[in-house]
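Here's the structure we're looking at; comments come further down.
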There are 4 protein chains.
Amino acid sequence: MTLTPEQQAEIDALRSQTQQTLRATVPGMEAHLYKAYEVLDHGFIRVIDYMGDDSAICQAARVSYGKGTKSVQNDEGLIRYLMRHWHSTPFEMCEIKLHVKLPVFVARQWIRHRTANVNEYSARYSILDREFYIPAPEHINAQSVVNNQGRGGVLEGEEAARVLEILKADSNRAYDHYEQMISQEGQDGLARELARMNLPANVYTQWYWKVDLHNLFHFLRLRADAHAQYEIRVYADAICKVVADWVPAAYGAFEDYRLGGATLSGKALDCVRRMLKGEEVTQENSGMSKGEWREFEGVLNDPA
Amino acid sequence: MTLTPEQQAEIDALRSQTQQTLRATVPGMEAHLYKAYEVLDHGFIRVIDYMGDDSAICQAARVSYGKGTKSVQNDEGLIRYLMRHWHSTPFEMCEIKLHVKLPVFVARQWIRHRTANVNEYSARYSILDREFYIPAPEHINAQSVVNNQGRGGVLEGEEAARVLEILKADSNRAYDHYEQMISQEGQDGLARELARMNLPANVYTQWYWKVDLHNLFHFLRLRADAHAQYEIRVYADAICKVVADWVPAAYGAFEDYRLGGATLSGKALDCVRRMLKGEEVTQENSGMSKGEWREFEGVLNDPA
Amino acid sequence: MTLTPEQQAEIDALRSQTQQTLRATVPGMEAHLYKAYEVLDHGFIRVIDYMGDDSAICQAARVSYGKGTKSVQNDEGLIRYLMRHWHSTPFEMCEIKLHVKLPVFVARQWIRHRTANVNEYSARYSILDREFYIPAPEHINAQSVVNNQGRGGVLEGEEAARVLEILKADSNRAYDHYEQMISQEGQDGLARELARMNLPANVYTQWYWKVDLHNLFHFLRLRADAHAQYEIRVYADAICKVVADWVPAAYGAFEDYRLGGATLSGKALDCVRRMLKGEEVTQENSGMSKGEWREFEGVLNDPA
Amino acid sequence: MTLTPEQQAEIDALRSQTQQTLRATVPGMEAHLYKAYEVLDHGFIRVIDYMGDDSAICQAARVSYGKGTKSVQNDEGLIRYLMRHWHSTPFEMCEIKLHVKLPVFVARQWIRHRTANVNEYSARYSILDREFYIPAPEHINAQSVVNNQGRGGVLEGEEAARVLEILKADSNRAYDHYEQMISQEGQDGLARELARMNLPANVYTQWYWKVDLHNLFHFLRLRADAHAQYEIRVYADAICKVVADWVPAAYGAFEDYRLGGATLSGKALDCVRRMLKGEEVTQENSGMSKGEWREFEGVLNDPA
């Protein structure tokens, strides 16, 4: 359970107040507003606000006065064209604001995406809650043996139990000590900005995160990818569901051209052309390194 | 007259369609939506969309679940505190989208503000209209004799008439030639991407411009300033009026701390301290250059 | 002739002064420094400074203490891996600063790339020179009939002559009037910030432009592309030559993965897989629109 | 001791290799290159590369062909003018690249400055060292009682000892467990990307950080400020020393106008004007809140 009754009451209050607006609205997105969608064991994403819709993308691309829409089909075709040809500015005309609760080690990956606006809960100013990410047993994996930057099979038996035990015990001890250090009972109490340094990276933080659709798609392409760390991928997946309801045409184009697409190098394209002519192409005569060839084969064989 | 009847009809259609939304709305801003506010002789600004309000600034600063507002007074105090202490991220949580029609030489100044999203009307793809900025007689000024980057007194009599005549005649001739070159009557017709190069910098263009409130304030501080070129200042002034209705508390703080404020150097502060102790401070004993001292005196004497 | 003797003397003076440095240097790049490479009829690019080399990319990727290089081959493999997997931050560790002279209509396209630092010659402060871009006869093209945003065949005969005559006459007349308006002989003289509005978009401006290698590659991918307008493409081509000497491994990877590569959508990849299995795939059974299919065929047939 | 002998040898090797260059060089900065300046107990900053000098700022402001320098005095005057009038782009023409080793909780503050390039040591890919920030006794402070976001007096006696004991013990235990979890002796070994979550925020990380001078000044203004947390301020202070040797004129202007200056609101300026006329101004008749007035008095009384 990630929300206190007071927090839930605040959310409910906001959801009960409908306003009139002349702005573009998306019914599917209104249904998401303010709700907390659970991610991991204590995290969530909540849509706080949004600006624009599929039509706004087209309107900006056409620099038109009104809705800029002749028909939905036209709009979808234009959006697919814009996505295919890497036009970024029309997608920047849509904006979304999320409230996200997430472990610090996920926040540290997330913040590398610099083209967004962020307000994070301040542990200099406020006291963090006793909430730590403890992975579910099926997400405690070994180090990958093929990829230095990834995880392999699920740990089992005693090893898994030991890991869980360590994570739980260390988190709780760290939090106990955090509370002891900042306590002002019978002592001065350590400054919060110092005490926080004792908390491990699985402690939860939260922030408001606002980003335009172009940069959000970039984030989702990297973080909803199979190579992304599981703990950030589940946030990306949750956001994907919301975006699909917000801008269905743009999301459809994103799925086809980005999530489901692949970039082939000049060498790889040359191999494809040779293969289509019936030539036998192997790594040895491809001009590619072994790593590139393995990835190339992956693209050709796997329905990504 | 800047809008065709068709454009006005599109705007009216949008203004007639009220939607229900759970998002933060600002009645004062709803009244502005889509309307074209005239600027210069053929230009305008139109609010196309907005996200957030004064409460959203506080909500983000507090990373709170609901409205994050205890009372309006509290919010205003917090907003003033944030502005005073150069906190930028809470103001980034508000966003505005404008449709702007403006002369190219104004657009070239405007675009230097890089932290915004822009979609400009494409003169590679489309044909520009015969609309040129011709200054009103009271805005045809001489080169400043004190400031290399500014204008002095209003030109009068024959000189003013000559300038106006040149601007009008050259604009029209350039547009006649533009039309002749792209015409496909009896000839192939020059590519639009080439023909546009013959048009002078007072031709009007238009764009969708989307920016967050922090960066908008930065733009307004520089462009609503007395030293900004008149032709961009009038756009900034028109935007200021809209922003005052959108986020009144933030705009009030902006007026006090930025538009009406001034930054004093360490040397200048030292002079103020000496003056307050009754010391006679002059440029010679101030440690400032003549230029700095003149600006310092301006700050002390003028109610900006 | 784009440089005055005084300018050439300043450049020669800088090229004659060698300094000692501990920083990474690239001999091939030192040979380019300060020289003006002509572009179009009066334009140029000049390398003013650079930071980093191929090794710096690897050093940052490895966050290492020294050169971070085990062998050149290793470095090249790492750079290709980083490029293939869309790692952007290591490439951001290299930076280049250029001095560019270019027509205003090219500058207006160029400046849309916002992630760069720019200082442009100020026509509010200074007087522009009488230099206008007049296309060579082989670059005066008709509007494309297949692509609304492009040019078709070269104009010939009288039509081409008319275009050239218009461009030359209007440019010169506009400049004559510019000089007349700002003249202070027997009159006050119009402010420069106003007079400049009479100059057409083929007048030359100049700026200092500083950008990191990642964002430069993005610029080059779009502007060295066959679909870019010729007048900006020649600048991109000139920059490509310099970059190839500066960071040969990174540039090689860029050529293979970006300039020579192509992104295929999920649908397109599916078609490739079907074709490789011997299936007859046509636009009708591809799931692609006609436009997409045409582009897809272009990728499969043309050695880009 | 923050560097291993191998690391020191790599640094020494780089410092022993002088190259010839035509680029702008700064002898004072060459003396800093690659050296590790210690910060906190295990951290450091190292200058890896730099671009530009004071002259480069003026050269860009003037868009000139050569050094753009008439005399050093002129340059300094121009730089002070640019700083005073908030011109940002000329300062963006200088760039610096640092290698920084710092505790994670400091890195989390630092990264909020988004307009920089960063490559951080990857704890998904690599194993972190057993290095934790343990504050010196004189930097273990109580929570401030006047400022929710700051620290008060130094903790003493048993309380200080308890804090130190907790920080040391928890850090070491967390690292022991980190090693145990990733160990592949007799078990599969937990993935590094998961194991890192057990490490507290005082563990050291490192990164390459590249930023232009304008954005660096913004960082230094906020982080070399008395209100910044001590643990990031010492990094800012160390960088200030380097920058003073790199661009002395720009740094001097920064000290006077930013570090030593203050921004007064319209209300505050009005009070100053009234005071200079001999009027008795108090908080009650100032129009300022108590908090504002207290800060205003601080500016008037304290030689910052």
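Placed from the backbone N, Cα and C atoms, the Cβ positions cover glycine too.
In TrEMBL, annotation is done automatically, which means it is predicted and not curated.
Here TrEMBL has B:GLN109, B:TRP110, B:ILE111, B:ARG112, B:GLU120, B:TYR121, B:SER122, B:ALA123, B:ARG124, B:ARG196 binding dUMP, and the candidate from B:ARG62, B:ARG80, B:ARG162, B:ARG223 in that same listed site is B:ARG223. Each of the binding-site residues B:ILE111, B:LEU213 was scored by the number of other CB atoms within 10 Å of its CB, and the largest score is that of B:LEU213. Checking the recorded positions B:ARG124, B:LEU213, B:HIS218, B:ARG223 against chain C with a Cβ-Cβ cut-off under 8 Å leaves B:ARG124.
The CA atom of B:ARG223 (active site, involved in ionization of N3 of dUMP, leading to its activation) is located 12 Å away from the CA atom of B:ILE111 (dUMP binding site). Of all Cα pairs drawn from B:THR89, B:ARG112, B:HIS113, B:ARG114, B:GLU120, B:ASP212, B:LEU213, B:HIS214, B:HIS218, which the record names as binding FAD, the longest spans 27 Å.
If you compare Cα positions, B:LEU213 (FAD binding site) sits closest to B:GLN109 out of the binding-site residues B:GLN109, B:SER122, B:ARG124. Taking a C-beta cut-off of under 8 Å and a sequence gap of six or more, B:THR89 (FAD binding site) has these contacts in its own chain: B:ALA60, B:HIS214. Those binding-site residues from B:THR89, B:HIS113, B:GLU120, B:LEU213 lying by chain A, with Cβ under 8 Å from one of its Cβ atoms, are B:THR89, B:GLU120.
Spacing of B:SER122 (dUMP binding site) relative to B:HIS113 (FAD binding site) is 20 Å (Cα to Cα, whole number).
B:THR89 (FAD binding site) falls within neither a helix nor a strand when secondary structure is assigned with DSSP, and so counts as coil. Within 10 Å of the C-beta of B:SER122 (dUMP binding site) there are 17 other C-beta atoms, taking all protein chains into account.
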